[in-house]
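What TrEMBL records for this protein:
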- 11-79: domain 'Cadherin' (DOMAIN)
- 80-294: domain 'Cadherin' (DOMAIN)
- 295-403: domain 'Cadherin' (DOMAIN)
- 405-520: domain 'Cadherin' (DOMAIN)
- 521-621: domain 'Cadherin' (DOMAIN)
- 638-731: domain 'Cadherin' (DOMAIN)
- 739-762: transmembrane segment (TRANSMEM)
Amino acid sequence: FLQFKANPPAVNFKLTGETDGILQIQQDGLLYHNKALDRETRAVHKLQVSALDASGAIVEGPVPITIEVKDINDNRPTFLQLKYEGSVRQNSRPGKPFMYVNATDLDDPTTPNGQLFYEIIIQLPKINNVMYFQINNKTGAISLTQQGSQELDPVKNALYSLVVSVKDMGGQSDHSFSDSTSVNIVVKENIWKAPEPVEIVENSTDPHPIKITQVVQWNEPGAHYLLVEKEKMPSFPFSIDQEGNIYVTRPLDREEKDSYVFHALAKDETGTPLARSLQIRVKVKDINDNPPTCPSAVTVFEVQENENMGSNIGTFIAHDMDEENTPNSVLRYRIADQIPKISMGELFLMDSYLGVVQLAGQSLKKQDTPQYNLTIEVSDKDFKTLCHVEINVIDINDQIPIFEKSDYGNLTLAEDTAVGSTILTIQATDADEPFTGSSKILYHITQGDNEGQLGIDTDPQTNVGYVIIKKPLDFETVAIYNIVFQAENPEPLVPGVNYNTSSSATFKLIVKDVNEAPQFSQRVYQAIVVEDVAIGTRVGNVTAKDPENLDISYSLRGNRRGWLKIDPVTGEIFTAALLDREAESLYRVQVVATEVGGFSQSSTASFHLTLWDINDNPPRLAKEYTGLFLCHPLQQEGTLIFEVTDDDRQSLLHQHVSFSIGSESFQHDWNVLRINDTHGKLSTKGTNFEERVYNVPIRVRDGGRPPLEGLVYLPVTFCRCVEGRCFRPAGHQSGMPTVGMAVGILLTTCLVIGVILAVVFIRIKKNEGKDNVQSAQASEAQPLRN
């Protein structure tokens with residue numbers, strides 16, 4: 001594989017160094033190996049070649065030679081153990097390794113030949129086809145899956161058997177070697193369990209903090225414990241130590257908060273939770289530390305003057321902040337005092353536990369005493385409180401409301417009169433005591449408004465009724481309303497008194513027709529189509545109705561891409577051009593419904609067309625790669641990472657995207673591998689490359705249906721490198737002179753400047769001679785003066 005030559009008097013060659021009896025050299029300088037090289041025995045052979053004369057003396061050399069043996073995948077991976085044993089606690093954190101399997105491969109670990117890929121191929125038992133265990137395919141770390149963490153139960157299955165395989169070539173080649181081993185895993189009971197609910201007596205006077213419970217410690221030593229509040233509080237009254245003991249740090253008040261729910265958490269040294277948190281429940285036990293409280297400063301009851309003996313006047317209910325349905329909150333009532341008192345015994349009775357106040361004496365007369373004041377004593381087993389009740393004697397309802405007039409005439413309104421408008425004022429009067437339930441008037445519409453278009457609001461001070469529009473009027477539905485009003489009191493009338501025609505009045509409402517715009521059946525219409533649908537395909541239909549039953553014409557507004565058209569009569573919408581999801585995935589237009597005839601009023605609705613994607617864009621480079629380089633000469637195989645994308649939905653690209661060299665002429669020197677669905681790795685085969693730019697063609701195939709291919713080019717520059725950067729010496733630029741030309745230009749410039757200076761100097765000399773002659777002539781013509 002190498003040929004050496006030497007000049008006379010050399011006639012022979014000698015090979016020394018790490019030949020291992022494999023590498024030899026012939027007399028004519030041909031270096032060869034007599035059997036296969038083995039990288040695992042020796043990866044580098046360091047040799048020396050010398051040229052010898054006829055007497056065997058060295059006349060040239062020795063010349064050093066380094067031969068690197070390139071690895072091939074000739075060794076299978078092997079596990080370090082035939083069988084592995086391990087254990088895991090139920091409910092352990094998913095993804096946290098609890099054991100490892102290890103394999104070795106004698107091939108070069110820096111190449112795919114020595115890159116190992118672990119995989120669980122069998123799990124026994126396998127319940128409902130769910131994997132409870134997972135393995136890190138690079139490290140061999142075995143951990144629980146999410147389902148395994150939740151479902152493993154030593155009572156149901158305490159032992160699981162796994163078969164784990166390991167492959168070289170990163171598990172990516174059909175020609176990779178493999179090995180397998182068995183793993184037995186014992187499932188142990190989870191000792192990380194929540195304690196029973198805790199009960200604490202409120203307002204304890206014992207020194208704090210007080211231990212209230214303890215969580216069973218984590219399955220393994222070294223865990224760090226902390227408490228997490230379920231709800232944020234100004235001051236969290238609990239703490240935990242690193243033995244799992246939980247303390248209450250201050251006295252608790254049940255009336256402030258009667259129970260607490262929080263969580264205990266175990267974390268490892270990195271702060272990562274080891275398992276799900278445990279819920280801690282604390283109930284605050286009540287003591288009788290709150291007196292009864294009155295519902296208000298004064299409780300007011302009303303009683304009609306003709307009430308019979310034994311009638312209920314009202315129910316007085318006090319409050320106690322202690323726990324309900326316990327002896328601490330059971331209240332007793334009694335009447336402690338009455339003002340004014342009467343001489344005929346007790347006038348009012350009160351139920352000791354229910355608080356019901358009843359009339360115990362004769363019927364009351366308002367003109368005799370319009371008001372009574374009671375003092376109520378409320379007590380629990382330890383406390384007493386006095387409360388005040390005011391009982392007002394009110395007039396009986398023996399007068400009916402009477403309308404000021406029985407007919408309020410006719411009123412014409414347009415059907416588009418605004419909802420909430422007051423259209424009529426009505427008035428009735430009542431002779432009972434003012435501002436009582438007997439004189440208060442409520443108005444009702446008893447006839448003529450079945451759909452509830454109208455309503456009546458009553459002024460509580462004046463009993464004036466205001467008739468308003470509650471729902472929109474519609475001439476096409478009801479054109480005339482014949483209304484009957486009824487006036488009543490909230491208090492019942494006394495026996496023998498009844499409402500009559502004086503408490504009712506009539507009114508006629510005439511609705512005037514108004515031309516209204518068409519009304520769509522819905523505000524937004526939606527449709528979904530595939531983007532390659534044929535032109536003229538029906539994609540939707542809109543409907544509108546005119547209240548006056550006029551014909552309607554449909555049109556589109558905002559159809560800026562011209563993708564749609566609409567049938568003006570039926571409202572059917574069709575495609576009018578080819579659609580393109582990459583240009584616009586949700587196409588929005590407005591549909592206009594216009595009356596044909598009348599005032600040509602119109603209304604609008606929205607039509608949203610969602611375009612489903614098809615695979616109509618081939619993959620391309622995600623960006624422009626202009627700075628890719630490898631240092632020349634290559635010392636080892638070079639690799640470059642690149643990214644691809646396409647304009648379709650990414651789910652179409654992210655389905656088994658594949659890469660290949662796009663030209664046979666490049667396949668000898670280049671290789672491309674898939675990293676994931678968006679990235680590929682371009683690498684050289686060998687190191688024999690020239691110092692220039694290689695535009696490497698790469699064919700990228702996406703996972704769409706049907707799949708599309710794109711041919712992309714990666715420009716890779718092989719260049720000398722300085723400090724890890726590509727060094728490119730500046731070349732000669734067009735238009736710039738060479739060194740010889742620059743020297744010639746410089747000499748010519750100096751010569752021209754010299755000639756110009758000489759001419760200027762000669763002219764100056766001539767001018768000076770003329771000036772001297774003229775000066776002499778002037779001196780001879782002028783006489784001398786003193």
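Glycine residues also receive a Cβ, built from the backbone N, Cα and C atoms like all the rest.
Looking just at the domain 'Cadherin' (521-621), the mean pLDDT is 91. When DSSP labels each residue, the domain 'Cadherin' (521-621) comes out as 0 helix, 51 strand, 50 coil, counted as helix, strand and coil in that order. Here the domain 'Cadherin' (295-403) has, by DSSP, the following mix of helix, strand and coil residues: 3 helix, 48 strand, 58 coil.
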